[in-house]
Amino acid sequence: MTSIVFMGTPAFAAPILESLIKEQYQVLGVVTQPDRKVGRKHVLTASPVKEVAVAHDIPVFQPEKISGSPEMQQIIDLQPDLIVTAAFGQFLPTKLLKAAKIGAVNVHGSLLPKYRGGAPVQYSIINGESETGITIIYMVKKMDAGDMLAQRAIPIEKNDDTGTMFDKLSLVGRDLLLETLPKLIAGEITAVPQDESQVTFAPNIQPEQEVLDFFTKTAVEIDNQVRGMRPAPIAYAVLDGKRTKFWDVTPLADEVVTQAPGQVVRKTKHELVIAAADHTAIAINQLQPAGKPKMTITDYLNGAADKFATGEQVINK
């Protein structure tokens, strides 16, 4: 039986680990982030991957940083045939990579060489890609730069967000890994180097990227940003003087407007349309003013009877 050490943390990685266990690979240990305090009550919470491991009585290692940790030597001492990572988020030292007898492989959420880095799904949506996918690669010291073992693309639908794409890609990654590992173990697979001329990067999302800019971004680009930031951290703008999270919007492709960016195009009881760059317009469907719950635009406008006149500047630079 082929032995594996699995490394991962979020919900994306949990079905992948579950499938390895069900397929009768010998999972010697699981490496995941330490338990974190979650929510307003700061409840100490295990990662989704740890929950799977504990449910199957698999030893769990939780170093804050694996490089140089006591846990690293313990993992090396397990002498696994394979190391498999999925959304682990840490570099693995060469010494650890070499501990796997067959190799160390990573399940990455993009069509490499595009979108190397920690936020490939988010950038695929923000940049308006029509598809993304999973690439299984050998792990090397350089980030997401290893030779490719397998790749599979799936479409990004117009209503997909980062949450729905993570759910879809998790299952694609699970299935592709289960198809790939037997060939890898049998020596029946030829790894393909990545084309370095096509490399793009997807570094972790920074706070300034959460801000919606109606003055330089078109309605479609704003919609892409909103969906790329959902379900977290949620994109925002200052609307009517208040920091407001935009949960759901619709770009109005057929409308060419004369209002300046950030001005009201129209308002009804159930609709608020705001101008964006290049004479485009966007309808706001769901939002969340600071300190308040998420609400529909209808509920929001109920409390704003005398506001949002056509042409009013409601979003400022």
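For all residues, glycine too, the Cβ spot is worked out from N, Cα and C.
What Swiss-Prot says about this protein:
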- Ser110, Leu111, Leu112, Pro113: (6S)-5,6,7,8-tetrahydrofolate binding site (BINDING)
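Each of the binding-site residues Leu111, Leu112 was scored by other CB atoms within 10 A of its CB, and the lowest score goes to Leu111.
Listed in sequence order, Gln194, Asp195, Glu196, Gln198, Val199, Thr200 are the same-chain residues at least 6 apart in sequence whose CB falls under 8 Å from the CB of Pro113 ((6S)-5,6,7,8-tetrahydrofolate binding site). Sequence-distant neighbours of Ser110 ((6S)-5,6,7,8-tetrahydrofolate binding site): residues of the same chain at least 6 apart with a C-beta under 8 Å from its C-beta are Arg116, Pro120, Val121, Ser124, Thr132, Gly133, Ile134, Thr135, Ala202.
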